[in-house]
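Undergrad: Summarising the annotation, TrEMBL assigns ATP binding site to Lys102, Ser206, Ala207, Phe208, Leu209, Glu280, Asp295. Feature annotation from TrEMBL assigns domain 'FAM20 C-terminal' to 170-386. Look at TrEMBL and you will find Asp275 tagged as active site. Look at TrEMBL and you will find Asp295 tagged as Mn(2+) binding site.
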Amino acid sequence: RRRRPHREGLNATALAAPQLRPDTSWLQFQLGISRDGLYPHGSPVVERLLRDMQVLSTVSADYSQDEKALLGACDCAQIVKPSGVHLKLVLRLQDFGKAMFKPMRQKRDEETPEDVFYFVDFQRHNAEIAAFHLDRILDFRRVPPTVGRLINVTKEILEVTKNEVLQSVFFVSPASNVCFFAKCPYMCKTEYAVCGNPHLLEGSLSAFLPSLNLAPRLSIPNPWIRSYSFDGKEEWEVNPLYCNTVREIYPYSNSNRLLNIIDMAIFDFLIGNMDRHHYEMFTKFGDDGFLLHLDNARGFGRHSHDETSILAPLSQCCTIKRTTLSRLQLLAQPEYQLSDVMRESLLQDPLAPVLTEPHLLALDRRLQLVLKAVGKCIDTYGEGRVVANDTAQPEAPTPDKVKLNS
């Protein structure tokens, strides 16, 4: 509706607006979201969407909405480490689809220093890509399709954006590379810029979910949220019986929400993500809907360290879905070893190798720690109390129930 019939200096016939096709991969992906996940098992639409995000040209670039809301509203002096919050852009592709672009900020073989707090860590484009592949291997299907791409920052961002603020942050470095940075909410200074070589820059592209007008979502604080200060502690960090309190709170008291939280904790532990302060879910699917595993760029920072505190929901609540446990046990078998499956899956990405070998091997090590934690719970409480049967089909509704629900 907002498109003008012509632009200055060009005739209207040359600018006839392309029509939105209902068979576009991004639209088919959004229409395929169900109660079970963001996409079905082995979805061919996802493969087509990944390919389209890789090859389709961009027609516009802009800041994300949350970044726009903060522009000019922060004090750079109050930011502990300006580069700690990620620069991201929304790219619109020629088929009207949108993708979130996160540029490369850290090289593959760099590890997060030991003294860096998780909330000021770099965010990594390859972590977003690897998280999508791992989520699909675990059969969660809760991470939006994500693919790596080499972006020409001049032709595919600078020359297509209409945002004057974004245009103003581009510059050419002394090495003749085209660079850009963000305003105050993200990186306030040119020394925190990202640069092409001289124009090409690695990044991840993540498919957009349906708009909130079409598919409303809730953003809910994680019960196991971490303290975002240098010396603070949350209750779960000092109280080993914290889960008893959580179980008494709606909706964790009478739904699958707690089991979904534990799925998310296992996923975060495998990728080493300590930054899960909130989670989102579609309101349409009610209390038992799946949790979206968004914003995984702070994962895969340290392969040499296993942050077992991320597993607190599992170790404190001592419960896990049977389907999740079965998949983890399968991926611990030599013929289906998680590192091997991930290595093969990531080879499909254009930016392969996405992860270094130490990160892949860390997945096997962490998987064993998850199974060890489950085994300890079973030894203490018995399998019947620990392993929740989520494989049973729901009872068919009676005609009265159908009428009532209507």
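Glycine is treated like the rest: Cβ placed from N, Cα and C.
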Undergrad: How many Å lie between the Cα of Asp295 (ATP binding site) and the Cα of the residue listed as 'active site'?
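TA: The Cα atom of Asp295 (ATP binding site) is 9 Å away from the Cα atom of the residue listed as 'active site'.
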Undergrad: If you average pLDDT over the domain 'FAM20 C-terminal' (170-386), what do you get?
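TA: Averaging the confidence scores along the domain 'FAM20 C-terminal' (170-386) gives 92.
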Undergrad: Please work out the number of neighbouring Cβ atoms within 10 Å of the Cβ of Asp275 (active site), leaving out its own Cβ.
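TA: Result for Asp275 (active site): 17 other Cβ atoms within 10 Å.
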Undergrad: Enumerate same-chain residues with a sequence separation of six or more from Ala207 (ATP binding site) and a Cβ-Cβ distance below 8 A; give 'none' if the list is empty.
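TA: Counting only residues 6 or more apart in sequence, the Cβ neighbours of Ala207 (ATP binding site) under 8 Å are Trp26, Phe29, Leu49, Met53, Gly97, Ala99, Pro144, Pro145, Thr146.
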Undergrad: So how many other Cβ atoms are close to Lys102 (ATP binding site), meaning within 10 Å of its Cβ?
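TA: So the number of other Cβ atoms within 10 Å of Lys102 (ATP binding site) is 25.
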Undergrad: Near the Cβ of Phe208 (ATP binding site), how many other Cβ atoms are there if near means within 10 Å?
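TA: Within a 10 Å radius of the Cβ of Phe208 (ATP binding site) lie 16 other Cβ atoms.
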Undergrad: Quick one: give me the count of other CB atoms within 10 A of the CB of Ser206 (ATP binding site).
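TA: Result for Ser206 (ATP binding site): 26 other Cβ atoms within 10 Å.
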Undergrad: Most Cβ neighbours within 10 Å: which of the binding-site residues Glu280, Asp295 is it?
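TA: The residue with the most neighbouring Cβ atoms within 10 Å is Asp295.
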